[in-house]
Amino acid sequence: MANPKLLGMGLSEAEAIGADSARFEELLLQASKELQQAQTTRPESTQIQPQPGFCIKTNSSEGKVFINICHSPSIPPPADVTEEELLQMLEEDQAGFRIPMSLGEPHAELDAKGQGCTAYDVAVNSDFYRRMQNSDFLRELVITIAREGLEDKYNLQLNPEWRMMKNRPFMGSISQQNIRSEQRPRIQELGDLYTPAPGRAESGPEKPHLNLWLEAPDLLLAEVDLPKLDGALGLSLEIGENRLVMGGPQQLYHLDAYIPLQINSHESKAAFHRKRKQLMVAMPLLPVPS
């Protein structure tokens, strides 16, 4: 099990943030990046050849930029939700919906006037792409996420204004991309994997709702709903290689969950989000033995 004191320090640090959700999100993002950088062993990758879709034109301080939105059946699809459900999710929590995509390397090209420009290939799941073709909302959402992803990955500042290229599905040539081949299954709910301690009375601590998902192939994130709590005071958390145990103050909550993945407990971090009344846990995963 991980050292409860170490995790308790993380809870206290987030507690001081209070209701400032923006700073909390920044803290969680920073923790996630640190965890991903700590992983030195990466799963093997496989090459895919994305298929052309459509091309948009924008610019940066360096000049013209083209983004080729491509697709491949090898890219995992996002969660299957309606546009109404998606809109509600985005209004409640902008980080609650994820569209898996592969961001390709920049490649130099020449535009129609023979002037130099830069192009990027962004690939999404093929079935999702076909659905996106019939939805302006999904298309604009994908373009926004792709643009922000390229900005983060390559330290760019792209103009949010863009124009779709007519009669030109891509700029230049679409290169092969490497994606991780050892994709672990996306985990949404682990309620049926929950294993309560034997002999616990029905009137005992409540089992909180647990939601987990893979933020990256080597990073597992968890949200534990704790509506009866206003802060992290009295919370205890222990993490083993494949187990998460949480206790609440005054025995309000108790969670003992088996997780069928190998967790790096020493690098795990936790924070309590006061506004959402959730315990957020970021857990890097140990490499799968070859």
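Every residue gets a Cβ built from N, Cα and C, even glycine.
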Do you know which of Ser45, Ser173, Ser181, Ser265 is annotated phosphoserine by Swiss-Prot?
Ser173
Ser173 (phosphoserine) to Lys57 (site 'Interacts with TELO2'), Cα to Cα, whole Å, comes out at 15
How many Å lie between the Cα of Lys57 (site 'Interacts with TELO2') and the Cα of Lys64 (site 'Interacts with TELO2')?
7
Report the same-chain neighbours of Lys64 (site 'Interacts with TELO2'): residues 6+ apart in sequence with Cβ closer than 8 Å to its Cβ, ordered by sequence.
Lys57, Thr58, Asp111, Gln115, Cys117, Thr118
